[in-house]
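Each remark here refers to the structure printed beneath this line.
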Amino acid sequence: MDNIAGQKSTLTWVVHISVAALVVLWMFPTVGLFVSSFRTTDQISTGGWWKALFPAEQNLTIRTAAPDTQVNIDGMFVIEGTLFEEGFDASVSSWGISSRDINAFVPGESAELRRGGTITVDAAGNYRMENTEEFSGSRGQRVFVTATTPPEFTLDNYNKILFSGSPSENMGTAFVSTLTVTIPATIIPILIAAFAAYALAWMEFPGRPLLIAFVVGLLVVPLQLALIPLLKLHLGIGIGKGYLGVWLAHTGFGLPLAIYLLRNYMVGLPRDIIENARVDGATDFQIFTKIILPLSFPALASFAIFQFLWTWNDLLVAKVFLIDATGQTTVMTNRIVEMLGTRGGNWEILATAGFVSMAVPLLVFFAMQKYLVRGLLAGSVK
Amino acid sequence: MHPALQGVMTIAIGVIGCVGYFYFSNLFLDKVLYPAKGPNAGRNINRANQIRPWLFLFPAFFALSLYLAYPVFETLRLSLTERLPGNRYEFVGLENYTKMFAEPKFWESMRNNMLWLFVVPAASTGFGLLAAQLTDRISWGNIAKSLIFMPMAISLVGASVIWKLVYDARPEGTEQIGILNALYIFFSGGEPQTWLTVPFWNNFFLMIVLIWIQTGFAMVILSAALRGIPEETVEAAIVDGANPFQIFFKIKVPQIRNTILVVWTTITIAVLKVFDIVFAMTNGQWETQVLANYMFDKLFRANDWGMGSAAAMIIMLLVTPILVWNVRNARREMR
């Protein structure tokens, strides 16, 4: 429409650039974490992730093989090997054996070891330690190398986080518990709310406007208020902390939005269909299950996405109603917060754990964006 | 039993229980209590139809009352009591409130909350409006929208991790891995800053995380509202020689004022409840405390239910104007 005014070219150009800038700004932090989750500890700590796509010069600290691998060749005790793992295509530009002077030698030079003997490192990272006496001690020599390494990405972090990591790193069980929390906490409120929404939309009974106002009011009640009384209640009636408690809590907290969204949608369904069914002798239960539910699918899907994202991403409710002192059950968000506390600097662990927890919501988001947008519009523009 | 199996079983029991309630309660009503046959068939159908709404409503409103309405009053009561050993409660009047008002940490939370309340809705709505207006006019606008909207799916905890990497600081002389410090050093040549520990300004670094998430929400709603503007008004303005900025600010924005208000209040509510971001990133240290985290602190660290409840009541008090406004709007619409 702006081209009517004849200013199209320059302005559209500015618009394209601004939108591109906005998108880059919005994507940049997420991409950063995503890229970091495919990098090793050393790579992360030696350079920003934005350099990950280019060869990087890194400072690495590597130990040679332990003295018990030494072989005796003609009276010389020799330890040989390579500093880099197989398939790791790096070239050494300088190296050292003291943390105070890590660039002391160029590849090919030999260094005197403090406890006797010499060590030689070549450009490809192969080393050879020689000594006239036997190497002692249980650990290998520390070597500091400055090496140019090609961009390299690894799936090790994911393997560690999901399957093989130590209990403090593993997210596998937390993933399953999150799923266990989420699925009933999504399905149960939908079922309950759908019936109530139908009653509020299409059934005649005294006090209906008042109940609708009640639901609208509860939409904004902060769930912080519910924490203490409900925890007290759960402990009092013996539910305690556990899955049952967290499902009930999520159901209660999700209901106002569910009822509100579904009622607004159902009210808009054509009156004729419902009245014809009534005339034909269908009961309300039949009308509901055979006509209303199938027709309300878009609204049900919208709310299901909301509730799923909200319960999957929740930390507070799980912390209060699910996680007890034994730490038997936990959810991913809580594991990540714990990791932030204990492993604040281990970005490869944090980034991977973060992405493991984000993968499912992002998938749902991109697959069902249409319904999400529709639900947002129905829930807010009123 | 394996946790996954246990999970599947509990899901099945929960869902079957729910479906079972509705199915059998209706069956009971129609077949046993008021069967639609025999001498009183007509009266029975009417009676059944009078009861049925309540059958439909009961689980939802029972849960709502128990999980949201009752806690409001119970929290109010608890905020006036002190928990004594042995599960006893003693009425202490307003003592919890006076104790809380005497704490500097509480006033710090209030100040920060007010900052959040002003900055986050304003910035999110502003960016959202900008993004909505710009993306509506280009061919790849939908993809751009989708990408700006994406943070909505990310948990606040996940977002905290994402942004902690942005704010990361390494000792001077080593390579910076946080983009903010890398840029800061590149442009100003200064020392790396630990952004989250700089009092006052660190609040804004936390707010950015929520703005980043909420902008997508604002954009989606506002973009729908912008599309709903009658084209004649815009065309008339173009014919009268208005420039694009005038069209936007004088023609479009006034027409979507109500939607902007709705977006603003919705984000305000989200801000009042913000907990995860502060909890995960600073835990209220370095003068970044907010009410929701202050309350959690009182509740589970200090184990002081009285003061925790008092803090929750303050949050409720701040939400109340919006609650009243919403209910009045809803009632007006229903007429």
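Using the three backbone atoms N, Cα and C, a Cβ is placed for every residue, glycine included.
What TrEMBL records for B:110-326 is domain 'ABC transmembrane type-1'.
Taken from TrEMBL, the feature transmembrane segment covers B:6-24 (among others).
According to TrEMBL, the feature transmembrane segment maps to B:54-73 (among others).
Listed as Cβ neighbours of the transmembrane segment (B:114-135) (distance under 8 Å, sequence separation of 6 or more from its ends, same chain) are residues 141-142, 144-145, 148, 203-204, 207, 210-211, 214-223, 226, 248, 252-253, 260, 263-264, 267-268, 271-272, 274, 290, 318. If you look up TrEMBL, you'll see B:114-135 (among others) marked as transmembrane segment.
Within the chain, the transmembrane segment (B:147-166) has long-range Cβ neighbours (under 8 A, six or more residues past its boundaries) at 131, 135, 177-180, 196, 205, 208-210, 212-213, 215-217, 219-220, 274-277, 280-281. According to TrEMBL, the feature transmembrane segment maps to B:147-166 (among others).
For B:204-226 (among others), the entry in TrEMBL reads transmembrane segment. Beyond its flanks by at least six residues, the transmembrane segment (B:204-226) meets 115-116, 119-121, 123-125, 127-129, 131-133, 135-136, 145, 148-152, 154, 156, 159-160, 163, 167, 195-196, 252, 256, 259-260, 262-263, 266-267, 270-271, 274, 277-278, 281-282, 288 of its own chain at Cβ-Cβ distances under 8 Å.
The feature transmembrane segment is assigned by TrEMBL to B:260-281 (among others).
Proximity of distant same-chain residues to the transmembrane segment (B:305-327), defined by a Cβ-Cβ separation under 8 Å and at least 6 residues beyond the stretch ends, is recorded for 72, 75-76, 78-83, 92, 95-97, 99-100, 106, 110, 113, 117, 265, 268-269, 272-273, 291-292, 294-296, 298-299. Residues or ranges marked as transmembrane segment in TrEMBL: B:305-327 (among others).
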